[in-house]
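Look at TrEMBL and you will find ASP190, ASP413 tagged as active site. Residues annotated as domain 'Peptidase A1' in TrEMBL: 172-530. Annotation comment: TrEMBL describes 1-22 as signal peptide.
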Amino acid sequence: MVTKFIYFILLFIFLFSYGCVASEGFYSFTNVNSSASGIELPEHPSFNGGASSTNSDCNYGVPEKSRTHSIAQDHENKEAVKFQLRHRSAGQRIEAKDSVFKDLSRIHTLHRRIVEKKNQNTISRLAKNTEKHVAPAPAPAPAPVALQESYELSGKLMATLESGVSLGSGEYFMDVFVGTPPKHFSLILDTGSDLNWIQCVPCYDCFEQNGPHYDPKDSSSFRNISCHDPKCQLVTSPEHQQPCKSENQTCPYYYWYGDSSNTTGDFALETFTVNLTTPSGSEFRKVENVMFGCGHWNRGLFHGAAGLLGLGRGPLSFASQLQSLYGHSFSYCLVDRNSNSSVSSKLIFGEDKDLLKHPQLNFTSLVGGSKENSVETFYYVQIKSVIVGGEVLNIPEETWNLSSEGVGGTIIDSGTTLSYFAEPAYEIIKEAFVNKVKGYPAVHDFPILNPCYNVSGAKNVELPSFGIVFGDGAVWNFPVENYFIKLEPEDIVCLAILGTPRSALSIIGNYQQQNFHILYDTKRSRLGYAPTRCADA
């Protein structure tokens with residue numbers, strides 16, 4: 001039975017969270033109540049219904065002929081866009097190896113993007129140094145304008161954000177309505193990428209999703225972006241792209257996430273519809289001219305989603321495209337994965353007055369490499385040290401540094417499930433827990449997560465506290481359920497943190513972000529975090 005849990009260990013990561021009480025460098029599991037077996041949970045119908053799976057046997061090559069400290073002062077005149085976040089209960093099995101491999105593939109992708117950016121900048125500098133006469137640089141593509149400045153909105157825009165547990169995923173999903181007339185699609189929320197995209201008819205090679213694919217022929221507001229349009233410079237073209245020969249030739253794009261995840265199609269404009277709530281009630285409002293990818297060839301472990309909604313720092317992200325109306329900040333509160341399907345919380349674009357009044361709201365600075373070499377997509381924070389059980393660990397400071405070439409550093413990422421720390425930080429953190437956990441027998445049959453302990457018979461399980469100290473002095477203390485998981489009914493607890501190779505990225509994933517209201521303020525270049533019962537927010 002224990003061996004079987006090796007393959008399902010992340011299921012418990014996704015399904016169980018517990019109350020905790022702080023006490024002198026330790027946290028306690030208390031009053032754990034769960035009727036779930038840990039393997040099977042009751043079914044819960046999704047918006048569109050139907051089962052989800054992934055298709056990993058497709059050939060995704062594209063034929064050449066088809067290559068077509070107060071934020072209020074900054075935003076006093078801007079309304080907030082508020083999205084409801086709703087948890088979806090689980091209804092199918094999840095294998096640990098799929099989730100871990102997806103995390104590791106994502107980490108590889110993030111690191112590869114940084115290396116490629118570094119190489120591109122190096123080549124560019126060498127070319128400039130060897131040229132006798134450097135031609136003037138082309139004018140940058142204009143900032144995307146997804147919304148009209150004069151378009152006045154009042155109230156808050158609402159949508160749902162759900163846990164992907166029922167779809168075998170560690171991500172969170174946001175419900176959006178696309179096209180005219182609007183049709184519902186569920187997109188993965190991702191702060192580690194920029195491009196918004198949806199599986200699109202004709203879908204030549206696509207993974208299975210819940211509900212039908214988006215069909216641009218059914219929408220009167222769909223418009224292709226021409227390959228001559230400056231906006232086309234914002235996306236990467238497929239390798240074998242045909243030259244832009246005619247005025248009406250579409251702008252092709254290619255975007256990749258990992259060895260098995262990518263999307264290729266046409267770059268286009270569309271209307272996104274969201275639910276606007278006002279003091280007098282609720283109504284739907286349109287957000288026009290949103291740049292997105294109409295994906296005809298799509299591959300990867302997207303677990304039933306229709307596509308992806310990017311919230312990164314680059315100009316293509318949904319957050320960036322909303323800045324003209326709602327300013328340079330957004331926030332979300334991720335409900336814990338043990339919540340029932342009726343639970344809702346929120347995603348907000350713009351100022352959240354309630355969050356700014358939170359007595360435990362803390363800020364740390366967002367950092368980056370040099371302006372020339374930084375990777376604009378990611379939200380970097382500077383870790384100084386880690387505290388386990390009240391003790392500051394002796395981790396070399398250079399472990400956390402982001403170099404001027406964009407190597408290393410720590411990002412906060414909604415698209416990675418667990419947290420991953422670069423070596424030697426991970427081994428030092430793990431060793432600290434091994435040394436400080438007393439009174440519980442170690443369990444060595446769980447090779448994915450380590451250390452693990454048998455806590456059967458203990459009414460209140462006391463485990464060492466865990467916190468991160470940032471370079472500017474801010475401290476982020478986590479509740480025990482955000483870094484330890486408890487497996488039922490075997491009464492096994494495991495550290496829910498893994499490692500990455502030396503000099504690689506460190507990542508604070510969405511599991512550690514549960515029940516914190518997270519604020520991304522790019523104008524002031526800071527990250528806010530406040531402990532919150534997201535189910536009640």
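Every residue gets a Cβ built from N, Cα and C, even glycine.
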Taken over the domain 'Peptidase A1' (172-530), the model's mean pLDDT: 88
ASP190 (active site) and ASP413 (active site), Cα-Cα, nearest whole angstrom: 7
Surrounding CB atoms that lie within 10 Å of the CB of ASP190 (active site), all protein chains: 26
